[in-house]
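Right, one structure below, let's go through it.
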C-alpha cells in the first residue's frame, strides 16, 4: 500500500479520528468511575456489609480501562501516522487485554442491578442496625458503618426504615432487642426534627401522629443512586466497546495492508 495514495491518507484520517473519540471516551469513563468510587451518597458501608461490593470493583476496573484507552489511542495514532507495523502490533496486544477487562466491568455492573433488592437492605438493617453484640471485630466494624449510614440517611433525607416505620414493628431486629418498644417504637432519627436536631414533639412521634414522624421508607434513596451508577458504568462502557470494536477492526485491516 503506497503511503502517498490519497485513499490511504483518507483511511488514515478516519482511523485517527476514531482513535481520538476512543481516547476522549476513555477520559470520560475514568471521570465517571472516579465520581462513582468517591461515593458521593456515602452508601458504601451498606454494600460492604452485604459482602458484595462488586459494583465498586467494576468501577475501579472501568477507571483503569479509561486511562488505558486514552494511552492506547495515542499509541495507535502514532502507529497509523508512521505506518509502523510493530507499534500497531503492540497496540493490538494491549488493546485486546484492555478490551477483555472492560467487558468484565460492563457485565459485572449490569448484573449487580438485580442485587439491590428491598429484602437485602431490610434484612441487613434489622440484623446490623444498633447491634451491640457482634461476634467478631469485622462484624462490629460493619454494624457501626450500617448504623451511622442509616442514622445519616433518616436524618438527612427525612425517611424511616427501608419500607417505612412499620419495619421496626413488624420484624424482629437488633434494634428491638436493645430498646423498649414503648420508648422506641422506631429510631429517634425517624422523628421530625427542629432546627436543633431535636424531635419536634417526641411523644407525638412515638404515637405515630402524622406530621411528627417520617412515614416514607428510604429504599428508593438507597437503590436509586446505586442503580444509576451501575447502569452508567455498564452502558457507557458497552457503548465504548461497540465503537472501539469497529475502530480496532479498521486498524487491523490497515495493519494488514502495510508493506513490510
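Keep in mind that glycine also has a Cβ here, set from the backbone N, Cα and C atoms.
Note that this is a predicted model, so its numbers are computed, not measured.
Per Swiss-Prot, the features are:
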type     : residues : note
TOPO_DOM : 1-15     : topological domain 'Cytoplasmic'
TRANSMEM : 16-36    : transmembrane segment
TOPO_DOM : 37-59    : topological domain 'Extracellular'
TRANSMEM : 60-80    : transmembrane segment
TOPO_DOM : 81-86    : topological domain 'Cytoplasmic'
TRANSMEM : 87-107   : transmembrane segment
TOPO_DOM : 108-229  : topological domain 'Extracellular'
TRANSMEM : 230-250  : transmembrane segment
TOPO_DOM : 251-260  : topological domain 'Cytoplasmic'
Do any residues, 6 or more residues outside the transmembrane segment (230-250), come within under 8 Å Cβ-to-Cβ of it, and if so which ones?
11, 14-15, 18-19, 21-22, 25-26, 28-29, 32-33, 36, 55, 58-59, 62, 65, 69, 92, 95, 99, 102-103, 105-107, 109-110, 112-113, 116
Other than its close neighbours in sequence, what residues sit by the topological domain 'Extracellular' (37-59), given a CB gap under 8 Å and a spacing of at least six beyond its ends?
104-106, 108-109, 112, 115, 120-121, 124, 128, 142-143, 145-146, 148-149, 152, 222, 225-226, 229-230, 233-234
Could you give the residue numbers and ranges of same-chain residues that sit at least 6 residues beyond the transmembrane segment (87-107) on either side and whose C-beta is under 8 angstroms from one of its C-beta atoms?
58-59, 61-62, 64-65, 68-69, 72, 75-76, 78-80, 233-235, 237-238, 240-241, 244, 248, 251-252, 254-255, 258
Which residues of the chain, 6 or more past the ends of the topological domain 'Cytoplasmic' (251-260), have a CB below 8 A from one of its CBs?
1, 11-12, 15, 18-19, 76, 80, 83-85, 88-89, 91-92
